[in-house]
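Quick look at what TrEMBL annotates:
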type     : residues  : note
DOMAIN   : B:5-79    : domain 'Glycine transporter'
DOMAIN   : B:91-163  : domain 'Glycine transporter'
TRANSMEM : B:6-23    : transmembrane segment
TRANSMEM : B:30-47   : transmembrane segment
TRANSMEM : B:59-78   : transmembrane segment
TRANSMEM : B:90-109  : transmembrane segment
TRANSMEM : B:115-136 : transmembrane segment
TRANSMEM : B:148-166 : transmembrane segment
TRANSMEM : B:172-193 : transmembrane segment
Amino acid sequence: MIPELLSLIGIAAFAVSGAVVGVRRRLDLLGVVVVGLATGTGGGVLRDLALNVSPPAAFTHWPTLAVAVGASLGVFVLHGRLSRLRRLELVFDAFGMGLFAATGASYALDRAAGPMAAVLIGTLTAVGGGVIRDVLVNEIPIVLRRELYAISALAGAVLTVALVAATGSLPLSTVAGVILAVGLRLISLWRGWHLPAPKNR
Amino acid sequence: MIPELLSLIGIAAFAVSGAVVGVRRRLDLLGVVVVGLATGTGGGVLRDLALNVSPPAAFTHWPTLAVAVGASLGVFVLHGRLSRLRRLELVFDAFGMGLFAATGASYALDRAAGPMAAVLIGTLTAVGGGVIRDVLVNEIPIVLRRELYAISALAGAVLTVALVAATGSLPLSTVAGVILAVGLRLISLWRGWHLPAPKNR
Amino acid sequence: MIPELLSLIGIAAFAVSGAVVGVRRRLDLLGVVVVGLATGTGGGVLRDLALNVSPPAAFTHWPTLAVAVGASLGVFVLHGRLSRLRRLELVFDAFGMGLFAATGASYALDRAAGPMAAVLIGTLTAVGGGVIRDVLVNEIPIVLRRELYAISALAGAVLTVALVAATGSLPLSTVAGVILAVGLRLISLWRGWHLPAPKNR
């Protein structure tokens, strides 16, 4: 129950980040909804393909669709009042990423995936929506550009899987994983933390 | 039978649109065939992944492959006589999109998908090939740029699913869905219909 | 055993080509690893989705992950000593492509795919990793740009499937397919062989 709820919040957060990109790129109403929907549901569809859940939940579970479309429409209607679109996109993307890292991992465990597969599927779910969004609008994916992005997703998924093994509680472990992934990403954005880059030659 | 035939025509139409893009971008013979093949079969492969048809029909059904490769080769051979490549691409894309919206939905119903899943899988099948084509050649996908594109696909898929529920006839419902989707898209292209875009701020 | 080993070498080769692109694009440590990992494992994940292997082997088979991450880290650490990154990328990509064409085809045969499906899945495995790499960093995929790329993959997959049918030996057929695909690609790069392109009009 709690993982499902967190997953829906993640869908909304990612859909907002996608719709904000659509507004920033001046797409029309439907383009904004399409990017929002693809960003909000893309990670979960990849997760379901990897786990052989058919059809993927996004195609059969109406709340998923309603939340993603509703969040995108909300951005389209309200965008005139929104300022600093780029910052908004990054913050909502951080929440989507962190929520999906933990809920993707717990979803995989719940479907009998092993610990390594659960960690990797959680990470894939977390970064997948953002990659789809950025590839659609022809930008370098945020996972390649930004401070501690994939590492935050990986940390959240690892913590979730480790805590499930230690405590047996899926809901608590998922919440802890979300807090770690979102917190690490937001702090690294705020403080400008980053990993070493290749030196100029 | 009729849905299969319409699906093959959709593959040919999408392959032509992809091959035309390849010619426009001055790819070599094989590049043109690869874009044509990926555009013609991409939507159906996504559809089969979502429906867990394994291997996807494009990998096992030789007419699919023959039609997509043949249409691409035809464009490569004839392109010197073709004028207005951009318009040609848009018109063939409209036919591919509309044919796949309706046949994708009826194919999903035929494999026991629920009505909501059938509508969404039809829409995915319809827009998938074009997205793959445009991402391959580094353009913003047509579904994000263009007049009433996704809405035409959605309308065709909804009509197909609704008519199957009302009449029980898959072939007739599919034909009606194709006519609606292709017609709506072509009229919106011709008349320049479009949805509201974000106002400049 | 031999196909598995060749497949791991292919993962390493593709991961190197992806990590080299990441270094060339000045991504940070994690960006380099993410591109290397996606390039090294992407083709195999597409292959497993097509064959309904769930979860894909890259998510459950730790050597796959270790080889892809290790090769990417190696490039990051050593890149200061590497010269001519573009040539390095093309040569490692050629090995990854050729190894995956043959091992992808033999893997599909081993999972009861028909000959046509095995050829197509081998080709998809071979070109998939490179397409993912190039789409991630916003370049036109090498399969669309380059001399005899897809044709080399196709030739390697066809030879593998034909020799398995003729001799029944998966390992020998796979080795022969690798040699043909890698050799054809390297020779065509070296000699500048290419297919006809559309004439300027």
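Glycine is treated like the rest: Cβ placed from N, Cα and C.
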Counting only residues 6 or more past its boundaries, what in the same chain has a CB within less than 8 Å of a CB in the transmembrane segment (B:148-166)?
94, 97-98, 100-102, 104-106, 109, 115, 118-120, 122-123, 126-127, 142, 172-174, 176-178, 180-182, 184-185, 188, 193-195
How does the model score the domain 'Glycine transporter' (B:5-79) in terms of mean pLDDT?
94
Within the domain 'Glycine transporter' (B:5-79), residues counted as helix, strand or coil by DSSP:
65 helix, 0 strand, 10 coil
